[in-house]
């Protein structure tokens with residue numbers, strides 16, 4: 001009987017492993033990413049084994065079948081500063097002094113934070129990191145995909161990276177990476193960027209079906225909305241950003257600031273008290289179509305010098321001569337919008353590299369994204385690709401095509417700006433909404449006890 005039970009248990013584990021393989025295939029600029037390929041799926045026993053498996057050079061399919069909690073190594077009575085943006089005390093964000101001069105002349109204070117968040121988990125080549133059901137959580141650390149290639153991250157929740165502190169940690173950081181697919185990931189409660197691309201170019205990245213949840217008790221804009229959402233400052237990056245849900249934010253959603261190309265379609269932006277797009281630098285091209293903007297204070301920051309083609313009802317036909325199809329207009333409800341249709345973006349669009357995509361009619365986008373973006377929803381959507389670049393008819397059921405492209409840019413940090421936060425928070429914001437409950441354990445803005453010290457800090461994500 002014991003033997004039979006063992007066989008049944010082993011069979012169940014094998015079935016779970018098979019079912020936890022990557023679902024669907026990457027589309028867009030990230031097409032062709034295979035991750036760990038046919039490696040046998042395996043679940044690490046603990047955080048130490050997860051850390052080891054992620055960083056090695058072996059092709060792996062790593063199952064995240066539970067919560068991996070990296071919290072517990074606190075830095076107490078450590079140096080922080082109070083930036084000008086924090087006008088609301090404990091409801092705002094102070095900043096960790098990380099040794100790059102960012103704090104400048106801001107008033108100093110002491111604070112308690114968790115050391116784990118400051119440096120992400122290194123990810124080596126040929127990895128698939130796949131959550132099982134809705135159980136896959138990485139708490140306290142992000143993923144650092146630097147100088148590597150062929151990585152898939154799917155169906156996990158990354159959360160609680162010192163959300164009360166600027167410089168508390170980045171959820172997903174790319175730098176000099178290629179062939180990366182980030183899919184069905186939820187990110188919440190981070191101190192700094194939810195997604196950032198770093199100094200060296202990360203060529204082909206797909207970012208699809210993800211939920212970026214900015215609900216927070218500690219807001220740099222003092223309104224319960226997370227400011228640091230996406231920062232992309234790398235040159236020559238090609239990004240297809242599709243089917244994502246970005247909500248309860250107040251800025252940098254995204255900020256794109258170096259010559260690169262983003263194709264942004266079928267995303268749902270909701271409840272942004274500041275600005276969504278900040279296209280900062282000349283040579284940057286952002287093509288925005290078929291998205292829903294709902295309750296967005298400003299869809300675009302007017303200060304940037306990059307090129308934007310945002311499709312509205314007056315520019316839908318413009319794509320025909322360049323792309324051979326009609327563009328899909330964006331939808332805006334209770335959102336500030338200035339028409340921007342720089343046709344140089346279409347001329348620069350590397351459609352042959354993006355490959356085949358399917359774009360939903362805009363009236364289907366919000367419902368589709370809410371049903372499919374984030375963790376535990378793989379069976380609902382599948383991440384698949386279509387056979388041709390096309391517009392799905394409005395009567396069709398909103399199913400993601402079998403291979404739709406999504407890619408992320410790489411970032412090159414600008415010079416440190418002491419007053420960067422203050423400068424980017426000039427938009428007035430409403431009263432603070434009811435925030436998300438405090439997670440398992442967080443530090444305080446001020447502290448007078450303890451003797452721990454922060455780890456050596458390596459700034460690899462961004463500096464402004």
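Just so it is clear, glycine is given a Cβ too, placed from its N, Cα and C backbone atoms.
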The annotated region 'Disordered' range in Swiss-Prot, which must be one of 383-423, 424-464: 424-464
Coarse DSSP state, helix versus strand versus coil, of residue 327 (disulfide bond): coil
Cβ-Cβ distance under 8 Å to residue 126 (N-linked glycosylation site), same chain, at least six residues away: 34, 35, 36, 37, 39, 57, 58, 59, 60, 149, 150, 151
Rounded inter-Cα distance in Å - residue 252 (active site), residue 80 (disulfide bond): 23
Densest Cβ neighbourhood among 103, 319, 327 (disulfide-bonded residues), 10 Å radius: 327
Rounded inter-Cα distance in Å - residue 103 (disulfide bond), residue 327 (disulfide bond): 44
